[in-house]
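Features of the protein shown, as given by TrEMBL:
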type	residues	note
SIGNAL	1-22	signal peptide
DOMAIN	38-307	domain 'CN hydrolase'
ACT_SITE	80	active site, proton acceptor
ACT_SITE	179	active site, proton donor
ACT_SITE	212	active site, nucleophile
């Protein structure tokens, strides 16, 4: 690995950073990586074999970093588990882990690799950043030894953390984040004693970072945005898509909009696990995204964003989510409400029986109001308005308030809520609102073929999610996904 850089390239890229700072914009990249997985072996691999697998993945990531820099990107995000994959126990992942120092150490592994314990992965990532004059965010495993003086020390004498790292354009380690909200299958890792709110400053804005399942919880995700006022969130993820509300591109773009920040989401690519969907999202919609269940190829996205979106004239206004919904009377009472499951949650539904109209459906304290007009009512497709107000308890526990317009899988009402990817019904307009008890609501619009609708919808100050134009493609779902963190 070379620690030096061609002067001309370094000078040009330094000028690009200065131009980004002056213009108030920067170029972001994310890479969706088809991870090379380790063999399903009985025991831990030899350290050399573990490093060889990580280098095979980093060969691919390095090509993406180099290409992103060639296209003028200032920062690139790579996926969670992107360097070694998954399917581990505490023992089998250990040879893949490195001891990652605190960024306060002011360390450039590329130029000073022997300052700490050997860390060939950190060294190579640092050199990727330095040699291409680009910020690089990556995910790997951190190990921290402990002993009996620590009553929480695991029996094997070490903590193991799912960890994000960020290197600046000089190759210096500027951020280290230990994932707090581990997904249920991550038994190889420990939960940090306290959630870490990790931020770092760049010439093109203030950044925060967290990982995958973290996005569904208050700490540290909401803290970074609401309290620490980051401009952009880096989001390495290994996200398994769950329709109708939790596909990666749909929910992550909605989170960026609901929170009013940029989000750089880099997913792993493994279609057999329903893993695909990366994007570069702004507060007013997706700037670039990728979703592909047909091939096993990785994909690089590069596009421009505002460095300080809160200062932009286009920045969305503060929203009073229940303002409109609380002010209107219930639309015509429904004699035909019925129940149905969506991802193990029991929703209350009412069928949209006409080509246009106004409907209300309620569950507990949440009433959802919908005004809509279809371009034409098809006999072979059924749409419903649904409401859910309750605690989700499968694969994590979190309190939800959801209002949704969605297409049922078939004309049988019992199919409503089952995953649907395609539709043929076009809408001329929609307006969806709800009496939410939370300020954290994420607006989702998903078109047929699992496509987003950037620029075609907006949220008004009074909490209505409306179509700005007649939707250009058939609608799969229009959803207001509310998280009531205090009720978790």
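Our numbering is plain: 1 for the first residue shown, then up by one each step along the chain.
Every residue gets a Cβ built from N, Cα and C, even glycine.
All TrEMBL annotations are machine predictions without curation.
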Enumerate same-chain residues with a sequence separation of six or more from the residue listed as 'active site, proton acceptor' and a Cβ-Cβ distance below 8 A; give 'none' if the list is empty. 139, 162, 164, 211, 212, 236, 237, 238, 268
So what's the mean pLDDT when you look at the domain 'CN hydrolase' (38-307)? 98
In the chain carrying residue 179 (active site, proton donor), residues 6 or more apart in sequence that have Cβ under 8 angstroms from it: 161, 162, 163, 164, 186, 189, 192, 210, 211, 212, 213, 214
What does DSSP say about the residue listed as 'active site, nucleophile': helix, strand or coil? helix
